[in-house]
């Protein structure tokens, strides 16, 4: 297929046509407030809250400081969502970071984002969640031993194919699946929360005594803990990918964000408290699957409900990730940054089926070639790098185009906090893992020659 050439337009406005014929084909506005909240919360609540708590605790060293990390991650996600809510009321187009970068910074950086996101980042995120779903879904069939990787990957691939069929058939069907699975996972988390409150009422508070004792002091460990926590919050920006499909986006977008993210943050904190009420920190750290261990201790013969809940949760999260990820591909193609066929929609079902099929194919390749850990590490770093770039664009609009109409505004202090936290993006590759790109080494060498400088020797004393 060929790449579409588009005429220059106002950097903050563009056509939303899917075809250039006389009859205009558009995606329907079928996502309301409930579906919007479900898309955000349902994507955020995946496998992270069932798997990450032990790693956050491991790196922080004690329960109290690990709870602070979970709260801080929720606060960071909330600040990011506030910025995205304002962007969504200024640029009322689907595509999330891609469309914001395109309208603010221009075609070239937007193409780089689309190229990276459509081919690698979004499929990687979907593959990671589907692999997690597969691990929990087939675990009961292999009691007492690890599940074969072939079985895990085949199950994850089947999950992607099912999601492809659902999303290609009908938008309303896809949103209904999101609503149902979000309700199921919220119920599962409430069971864990109530179970924890009952244990606390019975006096099982030993995990919280001297809660800050042994706190890790190193910035590296704190950063890694933050990194693990942020993975559990990813998905807070998913509604911005489908802005054109929202009913009254200027109202629905900010409201859905402000309902979903605080709700998820509170649940995450309460669930962690419940884990620590049922288990000592040592038991939690030795658990391969925290939620399953909690179920064995608290629910007894009903512990299988937790494994089922985790599988349902990750499937629902996969659906949200797929729903939004396909829209990035579709919008990028509509703007001429991807093959033209990917910008088309089914004439009867009004779904961006070519883009969804392409996203599915890329995710299947990721599943075949990658592991859960490597995919998560790659996805998390790239995602937060683009989040930072997008929020900097909003700062640019506040300074350069203050006259633009806004139904929602964010206080400037939010951006200062986000800028401070953005240092995490650069800390891990450059400091923690000492990754030095070749081009930086060349720049350093040329500057040494130009300035006639050389490294100094550290004083051993």
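Backbone N, Cα and C atoms are what each Cβ position is placed from, and that goes for glycine too.
TrEMBL annotations: computationally assigned, not manually curated.
Residues or ranges marked as transmembrane segment by TrEMBL: 31-52, 64-85, 97-118, 154-174, 180-201, 256-278, 298-317, 354-372, 378-397, 409-430.
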Count the Cβ pairs between the transmembrane segment (298-317) and the transmembrane segment (180-201) that lie under 8 angstroms and are 6 or more residues apart in sequence, then report whether there are at least 3.
yes
In contact by Cβ distance (the transmembrane segment (97-118), the transmembrane segment (180-201); 3 or more pairs under 8 Å):
no
Residue numbers, six or more beyond the limits of the transmembrane segment (354-372), whose CB comes under 8 Å of its CB atoms
118-120, 122-124, 126-128, 130-132, 135, 153, 156-157, 160-161, 163-164, 167-168, 322, 325-327, 329-330, 333, 341-344
Quick test of the contact rule: Cβ under 8 Å, at least six residues beyond the ends. What residues does that give for the transmembrane segment (154-174)?
27-28, 30-31, 126-127, 130-131, 133-134, 137-138, 245, 315, 318-319, 322-323, 326, 346, 349-351, 353, 356-357, 360, 363-364, 367-368
Residue list, the transmembrane segment (256-278) vs rest of chain: Cβ under 8 Å, 6 or more residues beyond ends.
33, 36-37, 39-41, 44-45, 49, 53, 63, 66-67, 70-71, 74-75, 77-78, 81-82, 84-85, 186, 189-190, 192-193, 195-197, 199-200, 204-205, 207-208, 232-233, 236, 239, 284, 290-291, 294, 297-298
